[in-house]
């Protein structure tokens, strides 16, 4: 247990390192959220045709901001029909899969790791072999048609996501059914960026009938797996505040792009990194009633709870970076500090995140605003990369090797879900995701890129 002075609020951190970031239609999908003046907004909502093609909504209950979003459900529907009926789209997807899997056999374990590993080979035939820890093997299925489209078809999951299905039959005989084993491979564009080339999940849906769900990031580049690919740039949301009186928060969004994290927390990335540093914006959820424990908590205490719950997602967003703008890697030791502001841009407090050489992850919230005067623009109070030190024999700052047992494996989590509901940021995110569901795309994640039209003098 780590103790800091009583003037500081301290909490424990579970530190998760993120893998590479890449374009992914299911995570951090950009939407242009533009605030306009009254005249431009009325030109939209007074247009009957546009109203029939879209919807009006408020970012959260009680908000005096009204937003319009055009509805493209018919375009999505037509795209899905084209995908399922297009031989060209099927050939394109099959070719992509074969380019990834061939020519060398691919051996992988499931996530989470199990007793079995799985080997997919693509030679004269495509085979899937199940291999046990002590070397026992079972042929789950094979196909000599993997270079054609005979054994493939597009399908849709229960959540509406398109995937490519391939069925392999004639595996070794099952001891229970006395029939050949068979396996279906589902090739899927992952919801979030992966920290490894492949992600495998396996289920035995019936005795000796298997389902392999293989997540391949490269599939996200194909429009067959992403019906909004190439069209999101044309899909904008416009908003207007009644009385043309804009909130001071909009000045923040003139200078920063904002990503909704969770629990009322925004990640603010400066549009001019030479002028502004990264910071967090926080809106504490209101208590549900006078009896709730939230009512008795300070803003700092409520932030700590919300921040801990959102920490995995924060690390996965690559928001915390080295002084040179590179992703944090295992072995990096640092103290990262950032201001936390409210919706009007007023400083609430500072948040410190430290990972030290004793494998201790420490978080601290304090109200010493003077620390901002000496804070580097890149937010790192200090930074030392053990990876660099270990390869530099002449370095005088080489750090001793330490156990990282308190730091979770960098490959521990690919997809992070949060059941929490509440707070302005979460409500805004929910509304935008509801809009996505209305246009037939239920699994999308939303990143809000704020653009404000400045008044002309």
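Cβ atoms are placed via backbone N, Cα and C, with glycine included.
What Swiss-Prot records for this protein:
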- 116, 175, 181, 204, 210: mannooligosaccharide derivative binding site (BINDING)
- 174-208: disulfide bond (DISULFID)
- 189-220: disulfide bond (DISULFID)
- 104-222: domain 'MRH' (DOMAIN)
- 47: N-linked glycosylation site (CARBOHYD)
- 71: N-linked glycosylation site (CARBOHYD)
- 142: N-linked glycosylation site (CARBOHYD)
- 147: N-linked glycosylation site (CARBOHYD)
- 389: N-linked glycosylation site (CARBOHYD)
- 1-22: signal peptide (SIGNAL)
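Positions of Swiss-Prot features highlighted on the structure.
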residue	record	Cβ within 10 Å
47	N-linked glycosylation site	13
142	N-linked glycosylation site	20
174	disulfide bond	16
175	mannooligosaccharide derivative binding site	9
181	mannooligosaccharide derivative binding site	23
189	disulfide bond	22
204	mannooligosaccharide derivative binding site	13
208	disulfide bond	20
210	mannooligosaccharide derivative binding site	22
220	disulfide bond	21
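According to DSSP, the secondary structure content of the domain 'MRH' (104-222) in residues is 5 helix, 60 strand, 54 coil. Residue pair residue 116 (mannooligosaccharide derivative binding site) / residue 189 (disulfide bond) shows a Cα separation of 24 Å.
Taking only the Cα positions, the spacing between residue 47 (N-linked glycosylation site) and residue 189 (disulfide bond) is 38 angstrom.
Taking Cβ-Cβ distances under 8 Å and a sequence separation of 6 or more, the neighbours of residue 147 (N-linked glycosylation site) in its chain are 94, 98.
There are 15 other CB atoms within 10 A of the CB of residue 116 (mannooligosaccharide derivative binding site), with all protein chains counted. In this structure the alpha carbons, written CA, of residue 210 (mannooligosaccharide derivative binding site) and residue 189 (disulfide bond) are 20 Å apart. Confidence for the domain 'MRH' (104-222), expressed as mean pLDDT, is 88. Checked against residue 142 (N-linked glycosylation site) by C-alpha proximity, the binding-site residues 175, 181, 204 yield 181 as the nearest. Among the disulfide-bonded residues listed here, namely 189, 208, 220, 208 has its C-alpha nearest to that of residue 181 (mannooligosaccharide derivative binding site). The subset of disulfide-bonded residues (189, 208, 220) lying with their Cα within 10 Å of the Cα of residue 175 (mannooligosaccharide derivative binding site) consists of 208, given in sequence order.
Looking only at the recorded positions 174, 204, 208, the one with its C-alpha closest to residue 220 (disulfide bond) is 204. If you take the Cα of residue 204 (mannooligosaccharide derivative binding site) and the Cα of residue 174 (disulfide bond), they are about 13 angstrom apart, rounded to a whole number. Of all Cα pairs drawn from 116, 175, 181, 204, 210, which the record names as binding mannooligosaccharide derivative, the longest spans 18 Å.
Across the structure, residue 189 (disulfide bond) and residue 208 (disulfide bond) are spaced 26 Å apart at their Cα atoms.
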